[in-house]
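Take a look at the structure set out below.
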Amino acid sequence: MTVIFPNFSKSSVLIVGDVMLDRYWYGPTDKIAPEAPVPIVKVNKIIDRPGGAANVAMNIASLGARSRLLGLTGVDEAAKILKKQLNESNIKWNFISVRTCPTIIKLRVMSRNQQLIRLDFEQYFNNVDTTKLLKQVELYLPKYKVLVLSDYAKGSLNCIEEIIKLARYMNVPVIVDPKGIQFSRYKGATLLTPNISEFESIVGSCRNEKILINRAQEIIIDYNLSALLITRSERGMTLCTRYAAPLYFSTQKKKVYHVTGAGDTVVGVLSAALSSGKSLEKACFLANLAASAVIKKSGTSTSNVTEMKNIMNSHICTTLPVGILDEKTLKQTISVVRNRGEKIVMTNGVFDILHSGHVSYLTNAKKLGDRLIVAVNSDGSTRRLKGKTRPINTLEQRMFILAALTVVDWVVPFYEDTPSRLVAYLSPDFLVKGGDYHVCDIEGSQGVLNRGGTVRVLNFQTGCSSSNIINAIKRKN
């Protein structure tokens with residue numbers, strides 16, 4: 001994916017949510033306490049950083065974008081520290097001071113780059129009249145291009161349904177970083193960004209990618225969302241939308257020091273990029289670059305454009321759509337993997353009733369290279385090739401089953417009688433067919449050979465064919 005970094009100074013984001021102070025006590029650990037089997041930490045450094053929704057604002061500010069933060073705090077020293085640090089980062093804020101509740105503090109004790117314990121100083125903001133907060137949102141929302149709702153389930157967003165309705169009325173995109181199992185609260189939002197644990201707490205354990213994608217689509221439909229972005233720590237991110245194939249934003253394996261605040265970084269960079277006019281896909285790409293940077297840092301951190309560019313230039317982070325793709329998207333994806341030196345294998349067929357012969361053949365085809373494309377005859381093409389009674393399964397059904405195979409990277413349909421045009425357009429390194437073909441008889445073979453590619457004929461499992469299966473069923477009936 002080719003991404004030009006936006007001019008973030010033109011971005012504007014309104015953040016509403018649970019603000020908190022992340023406090024860190026650092027010190028060496030050399031011995032065990034005599035009164036209990038616990039380590040003694042000699043604290044020699046204390047660091048305070050804005051956390052929660054405030055960390056989202058810090059990440060936006062680190063890009064040079066304009067933002068405003070709305071939320072609830074107590075009337076205490078922590079609130080003063082939080083406001084001071086936000087001022088130093090040129091972040092505008094409007095907090096409602098609640099005398100009956102303290103400002104939320106998350107205290108982490110750190111030693112030798114390890115977190116030993118976390119102590120939470122907080123009280124749920126219940127019985128707090130959020131009318132003032134709603135009025136502030138109504139006042140400031142027209143001045144910003146994107147709205148972020150950072151929900152840590154601390155009570156600041158008890159009026160979240162009304163805020164989302166207001167944003168929809170004003171036609172402002174809403175990004176929600178959710179918490180808890182009541183996703184119905186976020187109905188009508190543009191995008192939800194749960195981490196994998198939060199997502200599975202709603203839909204149950206996802207044993208494989210296909211289950212995860214299907215359940216994500218159900219969430220999108222049930223709650224009238226435009227998209228769902230699932231963050232997966234060092235495994236990157238998965239973007240699901242209503243009508244397009246899922247996108248996987250993966251990171252190379254690296255040492256992960258801390259994931260504290262990584263979700264805030266994703267939401268912050270994502271919102272700033274969307275506000276600048278980037279597409280959702282490119283905004284997610286940039287957010288994943290930033291997350292790749294912050295998980296290597298200690299404590300609550302932010303990322304900047306320079307770090308993101310360095311990661312992109314070193315090819316640490318890539319984005320690859322998988323599964324069923326259109327020709328244009330597939331062509332772009334092939335270009336990405338080719339730049340990394342990967343070899344492309346392509347085959348084609350009807351694949352009407354998938355059987356063990358198909359699976360064995362596709363497995364052997366994949367071994368020739370790094371990525372396997374399966375081009376599938378359309379229903380009309382199949383009828384012209386096989387007769388009026390075929391296909392048994394529709395094009396959509398056949399492609400769905402093929403995309404579920406782990407050896408298949410991409411599935412693409414073609415509507416002509418032969419795949420020659422598609423083969424020429426995609427230019428695979430290996431063109432493969434199974435059966436008794438001669439290389440010169442394989443459609444598209446000459447073009448592949450002329451470009452320096454390879455054409456191979458693989459053995460097909462004897463006796464295995466869709467036609468044989470259909471005839472056997474007819475005989476039994």
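A Cβ is built for glycine as well, from the same backbone N, Cα and C atoms used for every other residue.
Copied over from Swiss-Prot, here are the features:
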REGION    1-319  region 'Ribokinase'
BINDING   ASN195, ILE196, SER197, GLU198  ATP binding site
ACT_SITE  ASP264  active site
REGION    346-477  region 'Cytidylyltransferase'
Would you count the other C-beta atoms found within 10 angstroms of the C-beta of GLU198 (ATP binding site) for me?
19
Would you kindly give the Cα-Cα distance separating ASP264 (active site) and ILE196 (ATP binding site), rounded to the nearest Å?
15
I'm checking region-level scores; what's the whole-number mean pLDDT for the region 'Cytidylyltransferase' (346-477)?
89
So how many of the residues in the region 'Cytidylyltransferase' (346-477) end up helix, strand or coil by DSSP?
55 helix, 26 strand, 51 coil
Residue pair GLU198 (ATP binding site), ASP264 (active site) - Cα distance, angstrom, rounded:
15
Simplified DSSP label at GLU198 (ATP binding site) comes out helix
Hey, which of the binding-site residues ASN195, SER197 is the loneliest by Cβ count within 10 Å?
SER197
Hey, for the ATP site built from ASN195, ILE196, SER197, GLU198, who else sits with CB inside 8 A of the CB center?
PRO194, PHE199, GLU200, SER201, ILE230, THR231, ARG232
Taking every protein chain shown into account, which of the recorded positions ILE196, ASP264 has the largest tally of Cβ atoms within 10 Å of its Cβ?
ASP264
What's the CA-CA gap between ASP264 (active site) and ASN195 (ATP binding site) in angstrom, rounded?
11
